[in-house]
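Per TrEMBL, domain 'NADH:quinone oxidoreductase/Mrp antiporter transmembrane' is recorded for 23-288. Among the features that TrEMBL reports, transmembrane segment is placed at 60-81, 93-116, 136-166, 178-194, 200-219, 240-261, 273-294. The domain 'NADH dehydrogenase subunit 2 C-terminal' annotation in TrEMBL covers 290-343.
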Amino acid sequence: MNPYVLTVFLLSLGLGTTLTFASSHWLLAWMGLEINTLAIIPLMAQHHHPRSVEATTKYFLIQATAAAAILFASTTNAWLLGEWNITQLTHPVAATMAMMALALKVGLAPMHLWLPEVLQGLDLTTGLILSTWQKLAPFALIIQIAHSINPTIIIALGVLSTLIGGWGGLNQTQLRKILAYSSIAHLGWMIIIIKSAPQLATLTLGIYIIMTSTAFLTFKMTATTKINTLALSWSKNPTLATTTTLVLLSLAGLPPLTGFMPKWLILQELANQGLPLIATLAALSALLSLYFYLRLCYAMTLTISPNTNNALTPWRLPNTQTTLPLATLSTMTVTLLPITPATLTLFS
């Protein structure tokens with residue numbers, strides 16, 4: 001793609017999200033979401049492969065449906081209560097409709113079915129944008145309307161997402177689908193807590209973005225999209241294989257890695273709210289996710305794939321990719337747990 005055209009699309013992505021962040025009126029927020037969708041569509045379809053065109057079409061239809069539902073919900077609220085302000089979405093029907101539309105937009109269960117299919121059709125860079133940046137604008141709106149939503153709906157969405165995100169990833173061999181189910185599970189953790197502790201949900205989103213970006217950049221560095229090709233990467237770059245194992249375990253939420261921090265704080269908050277059953281279900285669903293991350297770790301570092309060359313570093317072309325973002329994000333993914341007290345002070 002022409003670099004100037006690419007710059008225009010990336011700037012439009014930034015503009016759409018910023019517009020949604022900055023708006024207090026539903027029409028402006030909706031406009032920001034639409035700019036966001038329209039800007040990523042050419043990036044998704046740029047390879048002209050039938051699978052990427054199919055993924056782009058699915059994504060466009062889903063996002064257009066969600067945007068229309070958001071517009072309908074906000075118009076209904078304005079018609080019944082005369083209020084266009086985002087935080088004043090107080091009519092129960094309009095609020096529930098907007099919540100469901102935003103859940104469809106980010107891929108929360110049970111409106112998640114499009115996400116693994118769409119992500120599977122994209123290259124890793126566009127998949128990274130879809131899994132991180134595209135979640136920001138809808139998430140900002142969910143935080144603003146969460147106080148008006150029935151808590152049962154929010155908890156149901158959250159628990160379903162964590163369970164389906166764990167179950168769905170178990171039988172997958174494609175890394176992009178595994179990352180899609182991982183995304184659904186992480187979003188479930190954020191949604192469970194979004195009504196009682198929105199700052200904690202924002203912190204979880206930030207840490208999720210750091211960890212997912214690291215995973216995508218690692219797979220991009222090794223040019224891997226399937227588990228069986230992941231098994232070949234140890235001989236090309238043993239150090240990267242080791243750090244990837246830590247990154248995957250951090251995504252699973254194991255101490256003493258960064259990914260443990262949000263899970264720990266969310267379980268603590270759920271216990272404080274008097275929801276021990278929900279906390280137990282969330283913790284058990286994290287075990288499901290842990291299983292498929294351990295599968296990846298096992299394939300990457302604990303198996304030697306059948307190959308004729310026993311040398312440690314087989315001949316290969318020099319890697320021209322820049323490694324600084326990956327190095328920085330890997331360090332953050334593995335080592336941020338000790339700053340939990342500072343984070344708590346900052347977000348409380």
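Placement of Cβ uses the backbone N, Cα and C atoms for every residue, glycine included.
The transmembrane segment (136-166) makes no contact with the transmembrane segment (240-261), as judged by fewer than three Cβ pairs under 8 Å among residues 6 or more apart in sequence. Residues 182, 203, 207, 210-212, 214-215, 218, 221-222, 233-234, 286, 289-290, 293-294, 296-297, 300-301, 330, 332-337, 340, 343 of the same chain lie 6 or more positions beyond the ends of the transmembrane segment (240-261) yet place their CB under 8 Å from a CB of it.
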